[in-house]
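Q: Sharing a structure here in structure tokens format.
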Amino acid sequence: MARTTPIERYRNFGIMAHIDAGKTTTSERILFYTGVSHKIGEVHDGAAVMDWMEQEQERGITITSAATTAFWSGMDKSMPQHRFNIIDTPGHVDFTIEVERSLRVLDGAVFVLCAVGGVQPQSETVWRQANKYSVPRMAFVNKMDRTGANFDKVVEQLKARLGAYAVPMQVPIGAEDGFEGVVDLLKMKAIHWDTASQGTTFEYRDIPADLVDVATEARSFMVEAAAEASEDLMDKYLNEGDLSEQEILSGLRERTLKVEIVPVFCGSAFKNKGVQAMLDGVVHLLPSPADRPPVQGIDEDEKEDTRAATDTAPFSALAFKIMTDPFVGSLTFFRVYSGTLNSGDQVYNPVKSKKERVGRILQMHSNNREEIKEVRAGDIAAAVGLKDVTTGDTLCAQDKIITLERMVFPEPVISMAVEPKTKSDQEKMGMALGRLAQEDPSFRVKTDEESGQTIISGMGELHLDIIVDRMRREFNVEANVGKPQVAYRETIRKSDVKSDYKHAKQSGGKGQYGHVVIELSPMTEEERKSDNVKDDFLFVNDITGGIIPKEFIPSVEKGLRETITSGPIAGFPVVGVKVKLVFGSYHDVDSSEMAFKLAASMAFKQGFAKASPVLLEPIMKVEIVSPEDYLGDVMGDVSRRRGVLQGQDDSPSGKIINAMIPLGEMFGYATSLRSMSQGRATFSMEFDHYEEAPANIADAVTKKG
């Protein structure tokens, strides 16, 4: 089957923002204007198409990235048809993983900002993630109809807080209740959308007299930004004082693709104004898969390899999300980077070294689906029937193997015990948690060997609340949850601490003999960056002359690695330690892998105790937005929680307080902040780093452990 849309007319982009910027409403309007959705869904009434999980509709926040395919031929229907694959991403910090995984497979992003709130703490987190993957992006300043809306202020914040070279493509006509439309700086015309048709029709008018000077100045700034793309454009601009519409677009596009500039649009998704022109901007300014560099990976011989975004190249794709669907079972969302795949084809998963047959291929439209026969380079789709694929795995052609770079997922910082309410929930709970962990790599499940309890770990309280909620709704499992527990770590402060341990048992028959001498030191920053570091632990073999035979060295390392999973202080994982194997001895008959494993384990425990062991606690970067009236109470409370204030900023809702606070002090903070501020203050937090816990905390944790 021939390709219906050339790859140059594909746009794979994400819609990103902080909570309450109006991201889901913006996505809804996109679906409405591209003809996918015949009725506009509102978040207020829980009918939004993109927020398809029950909990999302109840809580009014987006949790999982829903992928949708739509088509666009321009606001005035004059463009050739473009194919959009849109991914809606959550804005809550506990779901940063969803943003991260969608960024990995996108070519561009639309950054939605609130015209009142501007650049929020969460915006900075999302922006940093987009920088990490060099994602070209444009901004849409939403909610221009709201009281306090200020387009210029948000553009300034983009520059000051995010370091973006923001280039307005429009200026708003009016603001708040008086917001009427926008001035298109390319055409130097005012755009007015028709209210009766919900914005599906529009007309160009002359620019209002009071905006002519503002628009002229803004246009000069835009043209200058375009001219800086190349010497030819700059020469023409300097000689003639202007550029054609086509030249401006080509210069701006070139610079957007290089992530040098961020074009800025504005509107009110809720009032059906502005999203339409922003979609034209997606076509003009964001990349197609063919504009992005070829995807990089490693071939069978561990050599670097690339795949160009063409249908004729060997097939390669990245599985970026696994979901459990009530009707079809497990769905694997994947992005095709090169080649073609037909339903029924076999694919190879080099990460698991397994072949799998792709059953059905589904094109997803939020929670509706359409079955398709094939996918090609640039497509995003979902496969049914893949059993062993996990998030971040590569799928490729069996005869041309490539392993694409895996995704890096953050370590969970909070844990809690869960237990089934009834015997019949017991079995179902294990299956439910297994499925949910397969879907979400930032969520972990383990069994505590001593207590036999099931421990779940995640990125924050909300994250774990929603997991427990999903168990109930999707798997009918009722569970009791314990108090959240902090994921502490253990490490040492003293360097070059020697520990000598001989494991010897000789009581007739074959004995056991393993003898090791190790040196423990804290890892340096340099060492932490080395390729040999795994799980934040470095093993160095300094044995020469066969004092310990080569075949026993891996057993020594294995013994050490097994021991660091549960540290000697309170049973938390050991991090940041380098162990050097410096000496030892062996017995021709009695030495075995097990004996050396045990010797290494005991030597480590004894050495750790002598090396000034300390407990580390996770420190969270917390941003609190509070009205001035409550500032004293809020800041006093931060100090009581052992918080360190990092500074303050102004915000339309009062003051933004930045602080570093230990996670152990943050449980139940949402409730106490609400009561302190009569529900008017908000906060967001993300993990920042580990640091040494004070002695009283370490003692309390040790006693509990």
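From the backbone N, Cα and C atoms, a Cβ is placed for every residue, glycine too.
Predicted, not measured: the structure shown is a model, and the values here were computed from it.
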Q: Ranges 290-309, 350-369, 490-509: which does Swiss-Prot label region 'Disordered'?
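A: Matching range for region 'Disordered': 290-309.
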Q: Tell me the residue counts in helix, strand and coil for the region 'Disordered' (290-309), as DSSP assigns them.
A: 2 helix, 9 strand, 9 coil
Q: Would you report the average pLDDT that the model assigns to the domain 'tr-type G' (8-290)?
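A: When the pLDDT values over the domain 'tr-type G' (8-290) are averaged, the result is 84.
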Q: Let me check the 10 A CB neighbour count of D20 (GTP binding site). How many other CB atoms are there?
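A: I count 17 other Cβ atoms within 10 Å of it.
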Q: Could you check what DSSP calls K23 (GTP binding site) once collapsed to helix, strand or coil?
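A: DSSP call for K23 (GTP binding site): helix.
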Q: Tell me the Cβ neighbour count for K23 (GTP binding site), meaning other Cβ atoms within 10 Å of its Cβ, over all protein chains shown.
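A: Other Cβ atoms found within 10 Å: 29.
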